[in-house]
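Asks: What Swiss-Prot shows for this protein is this:
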DISULFID  Cys148-Cys162  disulfide bond
CARBOHYD  Asn44  N-linked glycosylation site
CARBOHYD  Asn161  N-linked glycosylation site
SITE      Val129  site 'Key residue for a rapid dissociation (K(off)) from the conotoxin BuIA'
SITE      Phe137  site 'Key residue for a rapid dissociation (K(off)) from the conotoxin BuIA'
TOPO_DOM  252-258  topological domain 'Cytoplasmic'
TOPO_DOM  315-449  topological domain 'Cytoplasmic'
Amino acid sequence: MALLRVLCLLAALRRSLCTDTEERLVEYLLDPTRYNKLIRPATNGSQLVTVQLMVSLAQLISVHEREQIMTTNVWLTQEWEDYRLTWKPEDFDNMKKVRLPSKHIWLPDVVLYNNADGMYEVSFYSNAVISYDGSIFWLPPAIYKSACKIEVKHFPFDQQNCTMKFRSWTYDRTEIDLVLKSEVASLDDFTPSGEWDIVALPGRRNENPDDSTYVDITYDFIIRRKPLFYTINLIIPCILITSLAILVFYLPSDCGEKMTLCISVLLALTVFLLLISKIVPPTSLDVPLVGKYLMFTMVLVTFSIVTSVCVLNVHHRSPTTHTMPPWVRTLFLRKLPALLFMKQPQQNCARQRLRQRRQTQERAAAATLFLRAGARACACYANPGAAKAEGLNGYRERQGQGPDPPAPCGCGLEEAVEGVRFIADHMRSEDDDQSVSEDWKYVAMVIDRLFLWIFVFVCVFGTVGMFLQPLFQNYATNSLLQLGQGTPTSK
């Protein structure tokens, strides 16, 4: 028990000595008589202070397309040497490292030059790790809002290149030399984003040939958008609305809803166009891919409205207003239906058989009426005695007598025949007019089917052509980036 007390006492004494040692070391390093944090750590005015810089991306918070701002959470690693912050470890119980508040030592005041919100400094001034040889390691976290030029050409299958430029605010190259610690930014503690994929984070050191005092460190944040959200909520509804525009040509003209469907589709596309205008930045340099597709669809819908008006005009034509040209009959009634997989009604259909039967009945009724009228006329002028002896059919002309005088009631017979002929001609004319009207309706149906196939091919190839182009372009860009990362670069 006594031994345990002795060990505890020794441990407490050692901790006290260590605390006293660290306190003595801090007081020694920050002694105002030997250290001034406002003075650059150089022995003379021509000596350069080399600052090694590296960015570690912790989180890609957001990319605001309309304001063209990228918000990131980064850790800014900075390393340099200060000859004034050196000591001999043997004088301080072999203590080789100490942590000092960063605001109590000299800092290279590296800031984000392309800042977008006025917060150029880091978010938190963490402690700096000082080694006995004077090397300083400082890792402050920061949330930066940097300006980013958004390329909307392939939205939502776009890939952006947002840069972050770091430079000392007050020191130039004759006093501080910024050096890249690593060619790429670190992703060791990165939290994946739900909207963007990190393609590459290369860094480079920039110098100005015209200005020997200029130097900066620039990191390129090459990011690719995850298009699933916009595909589900924007592109697929647009494609479905386009399919409704195609179905306009499959809708029968007699239903009277062609124009209603066309206008409804056009209004729906206008609403989607307004949604896109609130997402993408108001730039006149490029039109987003979805905007191009919507404009393409709106042009098709507008054209479908024009063609629907023409189809309805053809559908409601009649022989009293229009005459069908021979080329229309040849093209739209004989040739195009076979090419468009339309089966034209045959001549022996039920309606044609009914029409022939009606014509046969009309001829039979006219013949019966004619025979009845002729029989009554002959019975009026026949001799009753002769009729009994010879009959009406045995009536013969007497020799020596002239021809019989004209029958007084022949005019009635002619009027009856003319009336029957007029009725037959009128019914035949109505039947012919109805046949021509049905031909016009069939021509309208052929035009509808023709534009249906045209719209199907245009929409399919237009959609595939528009949305495959950015995918191939992103693939080519990624291949070039991989080749560039595999090739060593010179600083």
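Just so you know, glycine gets a Cβ as well, placed from its N, Cα and C.
How about a rundown of where these features are and what they're close to?
Replies: Around the Cβ of Cys148 (disulfide bond), the number of neighbouring Cβ atoms within 10 Å comes to 23. Cys148 (disulfide bond) falls outside any helix or strand according to DSSP and counts as coil.
Within 10 Å of the C-beta atom of Asn44 (N-linked glycosylation site) sit 5 other C-beta atoms, taking all shown protein chains into account.
Taking Cβ-Cβ distances under 8 Å and a sequence gap of 6 or more within the same chain, the neighbours of Asn161 (N-linked glycosylation site) are Glu151, Asp220, Phe221, Ile222. DSSP gives Asn161 (N-linked glycosylation site) a strand state.
On its own chain, Val129 (site 'Key residue for a rapid dissociation (K(off)) from the conotoxin BuIA') has Lys97, Val98, Arg99, Ile136, Phe137, Trp138 as residues at least 6 apart in sequence with a Cβ closer than 8 Å to its own Cβ.
Other C-beta atoms found within 10 angstroms of the C-beta of Phe137 (site 'Key residue for a rapid dissociation (K(off)) from the conotoxin BuIA') number 15, with every protein chain shown included.
If one looks beyond the topological domain 'Cytoplasmic' (252-258) by at least 6 residues along the same chain, the residues whose Cβ comes under 8 Å of a Cβ in the stretch are 308, 311-312, 315, 441, 444-445, 448.
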Asks: Would you count the other C-beta atoms found within 10 angstroms of the C-beta of Cys162 (disulfide bond) for me?
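Replies: So the Cβ neighbour count for Cys162 (disulfide bond) comes to 21.
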Asks: Where Asn44 (N-linked glycosylation site) and Cys162 (disulfide bond) are concerned, what is their Cα separation in Å, rounded?
Replies: 39
Asks: Tell me, by DSSP, whether Asn44 (N-linked glycosylation site) is helix, strand or coil?
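Replies: Its secondary structure by DSSP: coil.
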Asks: What are the helix, strand and coil residue counts for the topological domain 'Cytoplasmic' (252-258) according to DSSP?
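Replies: Counting residues by DSSP class gives 4 helix, 0 strand, 3 coil.
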Asks: Give me the mean pLDDT over the topological domain 'Cytoplasmic' (252-258), rounded to a whole number.
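Replies: It averages 79.
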